[in-house]
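*Asks:* Take a look at this one; I'll ask things after.
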Amino acid sequence: MDTETQLVEENPRKGGLRTMPFIIVNESFERVASYGLQANLIIYLMTYYNMTAAAGTSILGIRTALSNGLAIVGAIISDSYCGRFKAVAIGSISTLIGMIILWLTAMIPQLKSLPCPQFQHVCNGTTAFQLAVLFSSFGFMSVGAGFIRPCSIIFGVDQLEKKGKPENKRLVDSYFNWYYASIGVSTILAVTTVVYIQERYGWKVGLGIPVILMFLSVSMFLIGSPWYIKVKAKESLLIGLLQAVVAAFRKRNTRLPLTDCDDYYRWPLESEVLTPSNDFRCLNRACMIEDPQRDLNPDGSASNPWNLSSLEQVESLKAIVRVLPMWSTGFMIYVTMNQFSFSVLQAKTMDRHIIPQFELPAASFSVFLIIALTIWITFYDRVLVPLLSKYTGRPRGLSPVTRMGIGLLVSCTSMALSAITESIRQQKAIEEGHEDDPHALVNMSAMWLVPQYLLLGVAEAAHAVGQIEFFYSLFPKSMSSIASAMYTIGTAVSSLVGSILVSGVDWLTSTGGKTSWLSSNINKGHLEYYFWLLAFLSLLNFFYFVMVCRLYETGNDGRSSRLSHVAEDQECDYTLI
């Protein structure tokens with residue numbers, strides 16, 4: 001903050017609202033380009049790289065996991081080394097390079113294999129060079145997302161937060177509203193307009209449009225460079241937490257005192273934490289001063305931060321450990337949401353006409369999820385909160401944990417409905433003689449798929465917002481970025497788990513020469529069994545969630561909760577589930 005204030009005072013004409021168009025347009029174009037590619041990419045992989053539905057879905061899941069996982073790396077590099085401006089610039093350029101490479105695979109025939117004829121059982125294999133080019137494009141885009149996503153929104157806040165001007169808080173609130181509104185509009189445009197162009201004009205044009213949009217995104221961001229406030233890099237909180245882990249491990253054989261003492265390192269001296277908490281006492285070794293002459297510099301700082309952490313860093317690490325069980329309950333809901341590739345294959349075989357003159361692209365049905373998510377958040381915030389707050393006595397209506405539980409149950413219901421719909425669709429396909437033709441249209445409206453998308457949208461809105469609020473309620477303000485980071489890591493883990501699950505089910509159900517549940521010919525496979533499996537796992541996850549809530553309730557005896565910043569009206573009522 002001191003560095004930031006100094007920069008603002010030295011450059012009073014920098015920052016402010018004039019920089020917002022450059023930042024929001026950069027993020028919006030990047031989202032349209034990225035989501036426009038992601039929504040329909042399974043069809044491209046199956047058509048031009050001869051991948052099975054299961055293999056393509058697994059690869060896209062790994063790509064998503066990599067993009068979300070690298071967001072943590074991007075945040076650390078931004079905070080500790082290059083600053084947010086350079087991070088967003090590097091990320092934008094990297095994403096542009098990745099999109100150009102992917103577009104070249106559509107433009108140059110040698111970079112992809114020939115599509116298989118409809119009834120050909122043996123296809124020409126994809127070469128190692130072709131896969132290397134494809135995966136390099138995914139790699140560049142994942143690195144780009146890893147730098148852009150954690151830094152772009154905070155870079156906008158840097159332009160508006162100025163010390164001594166409290167009225168700027170209203171500008172920051174307004175900026176957040178415009179930022180998230182632009183993301184919503186961008187996502188809708190991506191899964192409708194860009195996907196429609198891909199299906200209507202082919203992949204050469206369909207992959208070229210995101211390249212143009214991303215080029216405009218990079219250009220707009222760099223044009224605004226002279227007017228940006230560029231906060232210098234400083235020590236990353238994530239690095240501090242990692243140092244506490246390393247220090248505790250290095251001193252794992254050090255004997256802990258039985259009572260509180262003054263031999264704990266406190267830096268800065270104004271730390272509000274007076275004594276270490278009693279839970280996870282093994283971590284207290286990280287902040288124990290064994291030899292003041294060796295461990296401390298003359299100015300009181302730690303001579304080796306990888307061997308001695310501050311008490312505040314240790315307590316922050318404990319705060320993260322405390323929420324890990326609840327954090328793990330959210331993996332399954334995003335596993336169910338990462339199965340869009342199979343829903344796209346379903347929609348491809350169904351009647352997708354909204355009106356006789358217009359057919360909605362198969363990959364565009366995810367727009368109903370976004371619509372449901374937006375409507376639910378608005379309805380809950382504007383209608384349900386005022387009503388529920390009168391009965392629960394809570395400013396936000398229901399506790400974050402209750403909303404998380406609702407999201408998990410709705411997600412389970414969505415998977416059960418998906419299984420029932422697929423059973424009906426497959427039965428119709430067999431009755432109409434399309435069992436051997438996965439490209440034949442079944443006499444069934446694709447609108448049957450809309451309810452499952454709507455339920456998933458409500459599930460994500462209820463669970464994601466509740467989870468983030470839960471993290472924010474238990475973390476000190478200095479760790480607010482960690483709350484967002486944990487959400488991002490959670491989606492990355494879910495994508496990886498989803499990929500492993502798809503590969504495992506495909507391998508297990510195809511042993512002995514049997515047709516896989518996840519066969520590319522969904523008329524012969526049993527996609528409905530896979531959806532029932534997800535519904536069952538989601539139900540088991542809900543019971544695990546209830547057990548975790550009981551664990552928190554019985555463990556909340558005051559000994560494990562030493563975070564004085566938790567406001568009474570923010571504490572989660574675990575008995576409301």
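Here the Cβ of each residue, glycine as well, is placed from N, Cα and C on the backbone.
Just lifted these from TrEMBL, have a look:
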TRANSMEM  41-66  transmembrane segment
TRANSMEM  87-108  transmembrane segment
TRANSMEM  128-157  transmembrane segment
TRANSMEM  178-197  transmembrane segment
TRANSMEM  209-229  transmembrane segment
TRANSMEM  360-380  transmembrane segment
TRANSMEM  453-475  transmembrane segment
TRANSMEM  487-509  transmembrane segment
TRANSMEM  529-552  transmembrane segment
*Asks:* Given a Cβ distance threshold of under 8 angstroms, which distant residues of the chain, six or more beyond its ends, lie next to the transmembrane segment (453-475)?
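*Replies:* For the transmembrane segment (453-475), the sequence-distant neighbours (Cβ-Cβ under 8 Å, at least 6 residues beyond its ends) are 319, 322-323, 326-327, 330, 333, 336-337, 343, 365-366, 368-373, 376-377, 380, 396, 400-404, 406-408, 410-411, 413-414, 417, 482-484, 486-487, 490, 563, 566-567, 570-572.
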*Asks:* Could you check whether the transmembrane segment (128-157) and the transmembrane segment (41-66) come into contact, where contact means at least 3 Cβ pairs under 8 Å with the two residues of each pair 6 or more apart in sequence?
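*Replies:* In this chain the transmembrane segment (128-157) contacts the transmembrane segment (41-66) - 3 or more Cβ pairs sit under 8 Å.
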*Asks:* Among 178-197, 209-229, 360-380, 487-509, 529-552, point out the range having the most Cβ pairs under 8 angstroms from the transmembrane segment (41-66).
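*Replies:* Most Cβ pairs under 8 Å with the transmembrane segment (41-66) come from 487-509.
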*Asks:* Let me spell it out: take the transmembrane segment (360-380), skip the flanking residues so only those 6+ beyond its ends count, and list any with a Cβ under 8 Å from a Cβ in it.
*Replies:* 39-40, 43, 184, 187-188, 191-192, 195-196, 198-199, 340, 343-345, 347-348, 352-354, 397, 446, 449-450, 453-458, 460-462, 465
*Asks:* Could you tell me what the rest of the chain brings near the transmembrane segment (209-229), counting residues at least six beyond its ends with Cβ under 8 Å?
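*Replies:* Non-local partners: 4, 7-8, 11, 13-15, 18-19, 21-23, 25-30, 32-34, 36-37, 85, 88-89, 92-93, 95-96, 99-100, 103, 155, 158-159, 194, 197.
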